[in-house]
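Colleague: Taken from Swiss-Prot, the feature chlorophyll b 1 binding site applies to TYR53, supported by similarity to another entry. Summarising the annotation, Swiss-Prot assigns chlorophyll a 3 binding site to GLN132, LEU142, GLU209 and lists similarity to another entry as the type of evidence. Under the heading chlorophyll b 3 binding site, Swiss-Prot lists SER152, GLU168. According to Swiss-Prot, the feature chlorophyll a 6 binding site maps to HIS241, ALA250, an assignment based on similarity to another entry. Annotation source Swiss-Prot lists transit peptide at 1-29. Among the features that Swiss-Prot reports, transmembrane segment is placed at 95-115, 147-167, 215-235, with the record citing sequence analysis.
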Amino acid sequence: MAAATMALSSPALAGKAAAKVFGEGRITMRKSAAKPKPAASGSPWYGADRVLYLGPLSGEPPSYLTGEFPGDYGWDTAGLSADPETFAKNRELEVIHSRWAMLGALGCVFPELLARNGVKFGEAVWFKAGSQIFSEGGLDYLGNPSLIHAQSILAIWAVQVVLMGAVEGYRIAGGPLGEVVDPLYPGGSFDPLGLADDPEAFAELKVKEIKNGRLAMFSMFGFFVQAIVTGKGPLENLADHLADPVNNNAWAYATNFVPGK
């Protein structure tokens, strides 16, 4: 699902002219990615004096990492950001994947948390919940048959592609008239709380988003590994570890794991 949506997230439209014809007149609009507004000079997250990946022990950052964008700690050992076009593409992919990962991590943990506190709504373990659609009775959203009773995986896939693709297409295209300049931070209807109204606060929120997003991507990777190795959800694994940390830890599972058992 994420792959289908990410296919719609390409920045290839940025910088290209879009022409619309009304009657005999022609209106041409050009959308280009906006350069971020400079953060406050005292911000520790931007500029040449920003915090680097190893603090005072960090070496000189590459010349192309200037601290202009959020999450730039001056570390690029593989030189992945040396090419400006590649950097722009990877930056967009990272932000989008970060947002997906934050939503996914919450979705993995929250149902288990509710179930462990007495809330009954069907299967709570994230990697088992979706498989209920293949059962004879199908899948009830939140365990309630009066909400959405799903019986076709193809129907769910089609609905998600249409709805999520429409939102992503709207974001990338800059709205119906191309008025949104930066597809990564479109604002407007995507910012109903007005969090981007203050430029300095918005610059700091961008840093918080990318930092939490990177942690969430690592978390999701850990959840996948746990599901394969233990066959349990993240909270159940945490409870097992706290109850018996000697026998329930990464090292113990890594040295005793046998695929298929």
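Cβ coordinates are placed from backbone N, Cα and C, and glycine is handled just like the others.
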Colleague: Nearest to SER152 (chlorophyll b 3 binding site) in three-dimensional space, by Cα, is which of the binding-site residues GLN132, LEU142, GLU209, HIS241, ALA250?
Modeller: GLN132
Colleague: Taking the Cβ of HIS241 (chlorophyll a 6 binding site) as centre, how many other Cβ atoms lie within 10 Å?
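Modeller: The answer is 15 other Cβ atoms.
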Colleague: Fewest other C-beta atoms within 10 angstroms of its own C-beta: which of the binding-site residues GLN132, SER152 fits that?
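Modeller: Checked GLN132, SER152; of these binding-site residues, fewest Cβ neighbours within 10 Å: SER152.
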Colleague: DSSP three-state call for SER152 (chlorophyll b 3 binding site): helix, strand or coil?
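Modeller: SS state of SER152 (chlorophyll b 3 binding site) = coil.
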Colleague: In Å, rounded, how far does the Cα of GLU209 (chlorophyll a 3 binding site) sit from the Cα of TYR53 (chlorophyll b 1 binding site)?
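Modeller: Per the Cα atoms, GLU209 (chlorophyll a 3 binding site) and TYR53 (chlorophyll b 1 binding site) stand 17 Å apart.
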Colleague: Near the transmembrane segment (95-115), which same-chain residues lie under 8 Å Cβ to Cβ, leaving out any that are not at least 6 residues past its ends?
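Modeller: 2, 5-6, 9, 121, 124-126, 129, 184, 209-210, 212-214, 216-217, 219-220, 223, 233-236.
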Colleague: Among GLN132, LEU142, GLU209, recorded chlorophyll a 3 binders, what is the largest CA to CA distance in Å?
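Modeller: In whole numbers, the farthest two Cα atoms are 33 Å apart.
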Colleague: Measuring Cα to Cα, tell me the gap between HIS241 (chlorophyll a 6 binding site) and GLU168 (chlorophyll b 3 binding site) in whole angstrom.
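Modeller: Rounded to a whole number, the Cα-Cα distance is 40 Å.
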Colleague: ALA250 (chlorophyll a 6 binding site): which of the binding-site residues GLN132, LEU142, GLU168 is the nearest Cα neighbour?
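Modeller: The smallest Cα gap between ALA250 (chlorophyll a 6 binding site) and any of the binding-site residues is with GLN132.
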Colleague: How many Å separate the Cα atoms of LEU142 (chlorophyll a 3 binding site) and GLU168 (chlorophyll b 3 binding site)?
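Modeller: Computed Cα spacing between LEU142 (chlorophyll a 3 binding site) and GLU168 (chlorophyll b 3 binding site) is 26 Å.
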Colleague: Distance between GLN132 (chlorophyll a 3 binding site) and GLU168 (chlorophyll b 3 binding site) at the Cα atoms, whole Å?
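Modeller: Computed Cα spacing between GLN132 (chlorophyll a 3 binding site) and GLU168 (chlorophyll b 3 binding site) is 28 Å.
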Colleague: Reported as an integer number of Å, what is the Cα distance between GLU168 (chlorophyll b 3 binding site) and the residue listed as 'chlorophyll b 1 binding site'?
Modeller: 32
Colleague: Helix, strand or coil: which one is TYR53 (chlorophyll b 1 binding site) in, per DSSP?
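Modeller: DSSP call for TYR53 (chlorophyll b 1 binding site): coil, neither helix nor strand.
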Colleague: In sequence order, which same-chain residues at least six apart have a C-beta under 8 angstroms from TYR53 (chlorophyll b 1 binding site)?
Modeller: TYR73, GLY74, TRP75
